[in-house]
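Engineer: Below is the structure I would like to discuss, written out as structure tokens.
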Amino acid sequence: MFINIEPLYSSMVENIKERVSKLSKPPKLVAVTCQPDSSTLAYLRSQEKQAKRFGIDFAVYEAPKAMDLKILLPKLSADGSVNGIFLTHPLPSDISEYEAVSLISPDKDIEGRHPINLGNILYDKPVFPPCTAEAVLRIINYLTNPSGKKIAVIGRSVTVGKPLAMLLLQKGIDATVTICHSRTKDIAEITKNSDIVVVAIGKAKMFGKDYFKPGTIVIDVGINVEGDEIVGDVDPSVSEICELTPVPGGVGRITTLVLMEHTVKAAEMSLK
């Protein structure tokens with residue numbers, strides 16, 4: 001069956017609204033875009049809509065060149081009126097993601113991509129984990145107690161696979177985690193021996209029913225374009241034997257709320 005995340009989604013919405021109402025002024029979220037394509041512009045419109053829904057001020061700044069980023073990001077980080085900053089892709093070719101995200105103050109890095117924020121996860125002290133990784137953790141905690149569960153994470157990206165594995169290993173969560181990737185042999189053997197499988201590999205419908213035992217919780221992080229459709233990394237037929245998050249309408253919806261939550265948290269932290 002497809003997993004119904006609506007109760008989790010609704011509770012997060014109410015939590016954000018309540019926290020914003022207690023602030024003396026609206027939080028401010030800033031997006032920095034470099035060379036936006038049509039999908040980036042659509043993403044920005046979506047984030048602006050969500051921000052306005054919660055009473056969060058939203059602004060977009062353009063930095064077409066690497067030098068523009070090197071000037072703008074430290075300036076925004078030092079601006080007391082700005083609470084959260086996120087950076088869109090694609091980046092200019094002459095600056096790496098590591099270098100770019102390192103220009104954002106860690107306490108305004110609401111996407112959780114700064115090396116300090118990623119490092120905090122290793123010490124079981126996450127402040128702003130990467131939004132998608134946190135969204136997956138929220139969904140897992142909503143569905144079950146992960147303590148002692150065998151969880152396979154398919155994908156090793158710096159924003160999903162790696163940080164999610166570390167979050168699942170935290171004391172108090174205590175999952176047993178296996179990370180798989182493109183060079184992993186016999187992935188099906190691992191996934192069939194897992195209680196929960198998180199798929200974040202970026203290949204449309206790559207994982208079918210032959211990868212899972214009945215009753216497995218399957219979290220599909222993938223977002224792929226196939227013709228006129230948005231599809232995940234997992235074939236929808238898997239829902240016939242497993243609990244599967246839908247694509248679209250699953251992890252992505254929670255990820256957006258985590259971004260807004262982080263913005264509110266940054267505003268709350270700035271008042272302390």
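Backbone N, Cα and C atoms are what each Cβ position is placed from, and that goes for glycine too.
OK, Swiss-Prot features for this one:
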BINDING   Gly155, Arg156, Ser157, Ser182, Ile223  NADP(+) binding site
Engineer: Same-chain residues six or more away whose CB lies under 8 A from the CB of Ile223 (NADP(+) binding site)?
Structural biologist: Ile230, Gly232, Val247, Pro248, Gly252
Engineer: Just how spread out is the NADP(+) site if you go by the largest Cα to Cα distance in Å among Gly155, Arg156, Ser157, Ser182, Ile223?
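Structural biologist: That value is 18 Å for the farthest Cα pair.
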Engineer: Mind telling me which of the binding-site residues Ser157, Ser182 has the densest Cβ neighbourhood, counting other Cβ atoms within 10 Å?
Structural biologist: Ser157
